[in-house]
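Visitor: Take this structure first; my questions come after.
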Protein chains: 4
Amino acid sequence: MPKKIKRIAVLTSGGDSPGMNAAIRSVVRTCAYHDLECIGVYRGYEGLIEGDFKPMDARSVKGIINKGGTILKSARSKEFRTVEGRQKAYKKLVEAGIDGLVVIGGDGSFTGAMILNDEFDFPVMGIPGTIDNDIVGTTHTLGFDTALNTVVDAIDKIRDTASSHNRLFFIEVMGRDVGHIALNAGIAGGAEEILIPEEDLGLDRLVESLRRSRKSGKTSSIVIVAEGDKIGKNIFELKDFVDDNMEGYDVRVSVLGHMQRGGSPSCFDRVLASRMGVKAVESLLEGKSNYMVGLQNTKMELTPFDNAIKGKTKINLELLRVSDIMST
Amino acid sequence: MPKKIKRIAVLTSGGDSPGMNAAIRSVVRTCAYHDLECIGVYRGYEGLIEGDFKPMDARSVKGIINKGGTILKSARSKEFRTVEGRQKAYKKLVEAGIDGLVVIGGDGSFTGAMILNDEFDFPVMGIPGTIDNDIVGTTHTLGFDTALNTVVDAIDKIRDTASSHNRLFFIEVMGRDVGHIALNAGIAGGAEEILIPEEDLGLDRLVESLRRSRKSGKTSSIVIVAEGDKIGKNIFELKDFVDDNMEGYDVRVSVLGHMQRGGSPSCFDRVLASRMGVKAVESLLEGKSNYMVGLQNTKMELTPFDNAIKGKTKINLELLRVSDIMST
Amino acid sequence: MPKKIKRIAVLTSGGDSPGMNAAIRSVVRTCAYHDLECIGVYRGYEGLIEGDFKPMDARSVKGIINKGGTILKSARSKEFRTVEGRQKAYKKLVEAGIDGLVVIGGDGSFTGAMILNDEFDFPVMGIPGTIDNDIVGTTHTLGFDTALNTVVDAIDKIRDTASSHNRLFFIEVMGRDVGHIALNAGIAGGAEEILIPEEDLGLDRLVESLRRSRKSGKTSSIVIVAEGDKIGKNIFELKDFVDDNMEGYDVRVSVLGHMQRGGSPSCFDRVLASRMGVKAVESLLEGKSNYMVGLQNTKMELTPFDNAIKGKTKINLELLRVSDIMST
Amino acid sequence: MPKKIKRIAVLTSGGDSPGMNAAIRSVVRTCAYHDLECIGVYRGYEGLIEGDFKPMDARSVKGIINKGGTILKSARSKEFRTVEGRQKAYKKLVEAGIDGLVVIGGDGSFTGAMILNDEFDFPVMGIPGTIDNDIVGTTHTLGFDTALNTVVDAIDKIRDTASSHNRLFFIEVMGRDVGHIALNAGIAGGAEEILIPEEDLGLDRLVESLRRSRKSGKTSSIVIVAEGDKIGKNIFELKDFVDDNMEGYDVRVSVLGHMQRGGSPSCFDRVLASRMGVKAVESLLEGKSNYMVGLQNTKMELTPFDNAIKGKTKINLELLRVSDIMST
């Protein structure tokens, strides 16, 4: 029989994403609702090792649901990757009377939680917070929807100037291994072409696509490029390639960068965060451990950490096709 | 065997919603992709009766994916509710050589399309465009996500002033028969209480909730009220009730109004619109008729008009519970 | 010779406006820069009377420059209008060793400061914080620019739906005695007509203007109405009037309300707030008192409280004319 | 006596800026108001040479006041720099019966207009449209205010992630020769340091400033860098410098890029554009030529092209000081 949970800790780890604060708030308030104590851990696993803790009551998370970033801060911890580091962390947890831990972060953060659970049989629960939407077990990670709106807003602005000057823009968006941001924001931004890590288009196709687009009467074009696109050229090399091989193009490059990680979370992400926090805390209360909470269809579901980490999200082929049709 | 589709018409009908233009664009481009002609019909069924048509090619829908409203305009048509009106409309469709019709609108619009199909065996397909999310067969109607962000943005602004002055605000949002906007935006806006048509809270509970909230240390409060809330008082009567029955509150009212219908669609709505347009046109091409396209889980699915119209969406009970917990 | 200033207090009073937090931050940081202590006073004059003080250092105002509302809260104080109230306040100031007071607020707040100065020879300095732009001595009050953008954003959204349905919208904006918001936002929102307190248009002119607008081919119209417009009808009566007296209009009403007071301040308001805070503190340091800081041309200037309070801003007649021409 | 003006042409030239469409609309509507014909010229001087003209009536500029970019498109024209090119352009103007030309653009565009006026005594009037605010004779160029809000919004987002991770960000903003965007947006974004072309800070000061900032308890920092900053290192070299010479910093770089040129214009820019269009057309009607319209204090004023072009805007030293104080 699992130990009765009386005190739960929460931390954010890895790259931050919009909605993390809303998730912290939800964890804290759900604890308050169930008369549990809640402890905030600063700077992820680094703060866990150092015992950088702070008790949080319902009022302490007031006014953060609409704030980007994470009030608990985030960090990457080398020490937590060592047995010694994790032993220190476990000791701090025990000393502070903590019975369960909610980790808000990406797959690296979940790996840490899983090992902690394996080594010390410590109850852990994960909330997927990353803008990349690259985690199996949830159709939407926390921050993905907000990042999409940020990217689309930037594309809209760039299109204003692109079409005023009949220019071709390459716009780089986040996504080293996955093209979810590029694909969705590309469709929504009306991009003529979208280059993603999952698909090897080849430069020939890009060239052909641009030519066809020009022939169809388009005078400006937007090409969205995920950081990790398969063509294997970075975005400045793409520009050079077009400059060298195609005539009549005035090519510009824009790298959207870290702006994509910030900003006030969308309604979608705030609701998702609130639901995930409730589910995470109540799952710990039910004696569960080693799971990630996620959105599947319209419901909150649990996925074993192992599956969440090892799985690889697939690109939605229907979206790829829609993208092709829309650039007709 | 169904007649081969060569020319498709598209219209928007009923209250407009953000994403309708993106859906028009998608219908037009999908037609172009399949070498079909596409005809835009102005002012909904009214324009159908009058033959207010305009051929649309791929370039004619340039630059509209990010615009609110509908370039085809919308209207309600009394005449289309009569047999004579529909006969005129059918005649115009036949004269223009149109083989299928895509209707973007709500359940009233779908009823019209269904009768047209019944009476003249004319192929019709529906795209659910309404901010209310009150249509069965899709988890999200077109415009719902955008409207939520608009409402949440307004709540955020009102909270700034509410908390500066320690005030209680009643904020009315759209939703005569359904509380989807109120419930989601209320959670995302950090509302202390949410009044929806589906739930009869009773005034007592509201009063108690406000008292509890005050006791817990909150100095300002936001209560979200759907137009059609069950308490049966309008929002100004609610204010009067609190003024008369509770002490120490400085109560204000804000009715968000038509602003909720406009604005540049969110990434979510633009992608959804693009997918729905493709699915609608290609379903007509496959010889299908009398269906609405919708998002179910992560896929585009068809729902017979009959089910879409007669069904009633249910409020997500989990969200109600999350709302309760969050206002701890 | 004036007493050397070593400790300065700051408070916000009256209706809140975006940029007040940025002004608080500026006052606090300017104090820190000059090695002065800074004391925050909660809830305006109410908190002054109660001694609701909190020392603020440079770090304590971190992360507030972009937040609407006021972290010091605001309130109206009846007691401060009495001699006894002001004596209590003065006593608290002296007890806390405070040598000067910066008041962020509107003309009512400045009147309070002026009397405090008159009665006790206590150094005071004002920063004009109100969205109404109704204070003489500054071309822009703090929050005016942000409120304009909020209103224009709402008008843009409403126009989306207005033009989709060929409707006439009456939109009420703040401004009981002055039409600055209505006039500027009306021009920027492309309104066909703007009703302001300073001008008695008469209903006849409104009717004529709408008819002309209809004749010129416009199918939808936006009329901006300041709360205190001279026609003497409220916005719902205006709707009824058009419904009763003009044919073919589908009229809707939208009251923008308190949303206009909130939101993250614009760049303009943040820079203005930063400049005003510096000027206010350094003017106190120079031994000045009983002035309001303001923007005149491109410079920070001082205006005696007396002039600021008794003066009445004038509507820019050029803008009225531009508005007329634009609705051609 | 000047020839009576009956037909006026308008073009946009050089880099586009938000508000250009609002200015076009204003020129067109002011012409309509005075019963003049208005001719839109596509692609700046290039279209003038080619006679790429289109008559514009009041309705033709409907719905563009809130759109970024320019519906008339913009381009740079080598041919117009030659006498032959200008002769062609003049011939086209005469053939089309055009009596005056309004040029919306920056100083390069004004130089073209001035030479056209010198060589052919053709009436020209300029509207300063550029985000850089680098033109003498107006306190604000068209688009400057909007660009500032775009930049500040991006800084806010980046700060979310910067402070979650305790990072130092270098953010590059537009401004090759002038630091107006950097200085204003830097203050509004709460930047710790701002590097502008007008000031040679030297790397030493940057280093010292960062050290002081760290010592004062700040864990994250934002440094705004104008494209043309005086330190003479590009933003990536700045990062390398800090990486090599300072310990304990996690440095990131973000180049905001062309996004800054687009987006829906702010209320300020829309009103300014409306006023400038009226002033430009009516000045031509009064027989004036060779001037730029501008905002000075609260009025529209004319500045001879010669002064506008040769002058150099000065950085506001008060702002520099405010920036220093705010980063206390």
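Each residue, glycine too, has its Cβ placed from N, Cα and C.
Remember, TrEMBL labels are computer predictions, not curated facts.
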Visitor: Using only what TrEMBL says about substrate binding by B:Thr130, B:Ile131, B:Asp132, B:Arg167, B:Met174, B:Gly175, B:Arg176, B:Arg252, B:His258, B:Met259, B:Gln260, B:Arg261, identify which of B:Glu95, B:Glu208, B:Glu227, B:Glu286 is listed for that site too.
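Guide: Looking through B:Glu95, B:Glu208, B:Glu227, B:Glu286, the residue TrEMBL assigns to the substrate site is B:Glu227.
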Visitor: May I ask you to find which of B:Gly15, B:Gly179, B:Gly186 TrEMBL records for the ATP site already listed with B:Arg76, B:Ser77, B:Gly106, B:Asp107, B:Gly108, B:Ser109?
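Guide: Within the candidate list, TrEMBL flags B:Gly15.
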Visitor: Besides B:Arg25, B:Ser26, B:Val27, B:Val28, B:Arg29, B:Gly190, B:Ala191, B:Glu192, B:Lys218, B:Thr219, B:Ser220, which of B:Arg7, B:Arg81, B:Arg159 does TrEMBL list for that ADP site?
Guide: B:Arg159
Visitor: What is the separation, in Å, between the Cα atoms of B:Thr130 (substrate binding site) and B:Gly106 (ATP binding site)?
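Guide: Checking the Cα atoms of B:Thr130 (substrate binding site) and B:Gly106 (ATP binding site) gives a distance of 6 Å.
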Visitor: Check the DSSP secondary structure of B:Arg252 (substrate binding site), expressed as helix, strand or coil.
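Guide: SS state of B:Arg252 (substrate binding site) = strand.
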Visitor: Filter the binding-site residues B:Arg76, B:Arg252, B:Arg261 down to the ones with a Cβ under 8 Å from chain C's Cβ atoms, keeping sequence order.
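Guide: Listed in sequence order, the binding-site residues near chain C are B:Arg252, B:Arg261.
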Visitor: What other residues of this chain sit with their CB within 8 A of the center of the CB atoms of B:Gly15, B:Arg76, B:Ser77, B:Gly106, B:Asp107, B:Gly108, B:Ser109, the recorded ATP site?
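Guide: Everything else in range on the chain: B:Ser13, B:Gly14, B:Gly44, B:Gly105, B:Thr111, B:Gly112.
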Visitor: Could you give the maximum C-alpha to C-alpha distance in Å for the residues B:Gly15, B:Arg76, B:Ser77, B:Gly106, B:Asp107, B:Gly108, B:Ser109 that bind ATP per the record?
Guide: 14
Visitor: Let me know how many other Cβ atoms fall within 10 Å of the Cβ of B:Arg25 (ADP binding site).
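Guide: Step by step: centre on the Cβ of B:Arg25 (ADP binding site), count other Cβ atoms within 10 Å, giving 27.
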Visitor: Between the binding-site residues B:Gly15, B:Arg29, B:Arg76, B:Gly106, B:Gly190, which lies closest to B:Met174 (substrate binding site), Cα to Cα?
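Guide: When the Cα distances are compared, B:Gly15 comes out closest.
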Visitor: Quick one: Cα separation, B:Arg252 (substrate binding site) versus B:Ser109 (ATP binding site), in Å?
Guide: 37
Visitor: Could you tell me which of the binding-site residues B:Gly15, B:Arg29, B:Arg76, B:Ser77, B:Thr130, B:Gly190 sit with their CB under 8 A from some CB of chain A, listed in sequence order (or 'none')?
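Guide: Out of B:Gly15, B:Arg29, B:Arg76, B:Ser77, B:Thr130, B:Gly190, B:Arg29, B:Gly190 lie under 8 Å of chain A.
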Visitor: Listed binding-site residues are B:Val27, B:Arg29, B:Ser77, B:Asp107, B:Ser109, B:Met259; which of them have CA atoms within 10 A of the CA of B:Asp132 (active site, proton acceptor)?
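Guide: Those near B:Asp132 (active site, proton acceptor) - Cα within 10 Å - do not exist; the answer is none.
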Visitor: How many Å separate the two farthest-apart Cα atoms among the ADP-binding residues B:Arg25, B:Ser26, B:Val27, B:Val28, B:Arg29, B:Arg159, B:Gly190, B:Ala191, B:Glu192, B:Lys218, B:Thr219, B:Ser220?
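Guide: Looking at B:Arg25, B:Ser26, B:Val27, B:Val28, B:Arg29, B:Arg159, B:Gly190, B:Ala191, B:Glu192, B:Lys218, B:Thr219, B:Ser220 as a set, their Cα atoms extend up to 53 Å apart.
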Visitor: Under 8 Å between C-beta atoms and at least six apart in sequence, can you list the same-chain neighbours of B:Arg29 (ADP binding site), or say none if there are none?
Guide: B:Ala58, B:Val61, B:Gly277
